[in-house]
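Student: Starting off with a structure, shown below.
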Amino acid sequence: MSFDAEKQLAIAAVRRASYLTEKVFNQLIKEKSAAGALTKDDKSPVTIGDFGAQAIVISMLKDAFPNDPIVGEEDSDFLRENTQTCSRVWELVQETIQHATEYKELGQIKSAEEMMSIIDQGSYHGGRNGRMWTLDPIDGTKGFLRGAQYAICLALIENGKPVVSAIGCPNLPYDFNQPETSPKGIIMSAVRNHGCFQYSLHNEKLEPVQVHMQDVQNTKDSKFCEGVEAGHSMQGTQEEIAKYLGITRGPTKMDSQAKYASLARGDGDIYLRLPTKMTFEEKIWDHAGGSLLVEEAGGVVSDMFGKPLDFGVGRTLKNNNGVIAAYKGIFEKVIEATAAVTSKDPHFQKVAQ
């Protein structure tokens with residue numbers, strides 16, 4: 001089955017939402033920081049960006065595919081209780097819609113009340129049968145606040161498997177080999193069995209380029225990446241795994257599913273995310289889109305035990321523990337190394353039981 005209509009709509013929705021998040025950063029973070037008015041604990045720009053991006057994407061999805069349920073991250077309760085924040089979100093949503101150039105007839109939200117109702121349509125419980133979309137409106141909130149990597153992540157799941165993905169990375173250089181001179185902003189998109197492609201975020205006329213992971217066969221030549229936040233994964237154990245594999249260079253640390261996009265185009269070869277708590281369940285919107293990018297670019301994605309990620313059991317990956325992504329040529333070696341290192345650690349033995 002062709003998913004071209006879904007792919008094109010997903011790219012357009014992610015692009016529109018990315019523009020809104022860039023407005024939020026420039027108006028509410030960059031300017032405030034320059035004026036010394038943004039405190040370290042001020043998370044309001046992320047809140048505004050999250051709600052605005054979710055409203056933009058869901059409104060377009062519901063206009064194009066009204067019967068598809070959506071698993072989103074936010075609901076409107078906070079906005080209904082905070083009218084000032086709601087007004088700011090509504091102002092940015094209106095501004096973004098007015099400047100839209102693609103699918104202009106879609107996502108025409110008429111009021112703040114309609115906007116909040118649309119946000120609430122992301123409350124689907126998930127499941128294994130039929131179609132559903134997953135959305136993370138701003139993945140990597142701390143990266144967003146720092147002006148580093150974050151992502152707008154959208155995926156279509158059919159019968160428990162991701163089949164369409166579009167991930168917007170506004171701060172990822174188009175050419176990772178020339179980060180200082182290459183324009184920032186990409187959208188990475190994939191359709192199952194049809195490859196992974198990189199699009200320019202800001203130049204809609206630029207032809208997409210199919211991307212592939214590096215054909216690395218020796219793990220000592222590979223590059224591995226992990227999240228920035230030490231509390232999100234067992235970084236010490238991950239470093240031990242890298243040493244076991246013969247990797248001598250340090251990890252690339254990056255927030256959000258921009259890591260998956262980077263792997264897909266060959267900027268890295270291995271992504272390790274081992275759980276810090278045995279009971280932690282990864283959210284499906286944090287991995288659905290990114291995992292498909294890597295798989296369509298020549299990689300394999302599983303949990304730390306080599307089990308495929310199961311997106312059909314609700315809003316979380318409750319049947320999995322952690323995440324490992326790697327180029328197919330070295331994937332089994334990475335799983336073997338992970339088993340060798342973690343088998344000695346009671347922390348992970350509890351997970352395996």
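Glycine is no exception: its Cβ is also placed from the backbone N, Cα and C atoms.
When I checked Swiss-Prot for this same protein, it listed these features:
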- D50: active site, proton acceptor (ACT_SITE)
- E73, D136, I138: Mg(2+) 1 binding site (BINDING)
- E73: Mg(2+) 3 binding site (BINDING)
- D136, D139, D286: Mg(2+) 2 binding site (BINDING)
- T141, H232, S256, K259, R273, D286: adenosine 3',5'-bisphosphate binding site (BINDING)
- T141: active site, proton acceptor (ACT_SITE)
- H232, S256, K259, R273, D286: AMP binding site (BINDING)
Student: For E73 (Mg(2+) 1 binding site), just give me the three-state DSSP call.
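Tutor: It is coil.
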Student: In whole Å, how far does the CA atom of K259 (adenosine 3',5'-bisphosphate binding site) lie from that of D139 (Mg(2+) 2 binding site)?
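Tutor: That separation, Cα to Cα, works out to 11 Å.
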Student: Please work out the number of neighbouring Cβ atoms within 10 Å of the Cβ of D286 (Mg(2+) 2 binding site), leaving out its own Cβ.
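Tutor: The Cβ of D286 (Mg(2+) 2 binding site) has 22 Cβ neighbours within 10 Å.
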Student: What other residues of this chain sit with their CB within 8 A of the center of the CB atoms of E73, D136, I138, the recorded Mg(2+) 1 site?
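Tutor: Not counting the recorded site residues, we get D50, A53, Q54, G72, E74, L135, P137, D139, I152, C153, W285.
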Student: Just give me the nearest neighbour of S256 (adenosine 3',5'-bisphosphate binding site) among the recorded positions D50, E73, I138, D139, D286, Cα to Cα.
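Tutor: Smallest Cα separation from S256 (adenosine 3',5'-bisphosphate binding site) among D50, E73, I138, D139, D286: D139.
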Student: Select the most exposed residue of T141, S256, where exposure means the fewest other Cβ atoms within 10 Å, treating these as the binding-site residues.
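Tutor: Each of the binding-site residues T141, S256 was scored; lowest Cβ tally within 10 Å is T141.
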Student: Across all the protein chains here, work out how many other Cβ atoms are within 10 Å of the Cβ of K259 (adenosine 3',5'-bisphosphate binding site).
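Tutor: If we count other Cβ atoms within 10 Å of K259 (adenosine 3',5'-bisphosphate binding site), we arrive at 28.
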Student: Rounded to an integer, what is the Cα-Cα distance in Å between T141 (adenosine 3',5'-bisphosphate binding site) and D50 (active site, proton acceptor)?
Tutor: 9
Student: Sort out the sequence-distant neighbours of E73 (Mg(2+) 1 binding site) for me: same chain, 6+ apart, CB within less than 8 Å of its CB, listed by position.
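Tutor: Looking at Cβ-Cβ distances below 8 Å from E73 (Mg(2+) 1 binding site), excluding near sequence neighbours, one finds D50, Q54, G122, L135, D136, P137, K283, W285.
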Student: Hey, for the Mg(2+) 2 site built from D136, D139, D286, who else sits with CB inside 8 A of the CB center?
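Tutor: Same chain, not in D136, D139, D286, Cβ within 8 Å: E73, G140, A151, C153, S256, Q257, K283, W285, H287.
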Student: At a 10 Å cut-off from the C-beta of D50 (active site, proton acceptor), count the other C-beta atoms across all protein chains.
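Tutor: For D50 (active site, proton acceptor), the 10 Å Cβ neighbour count is 25.
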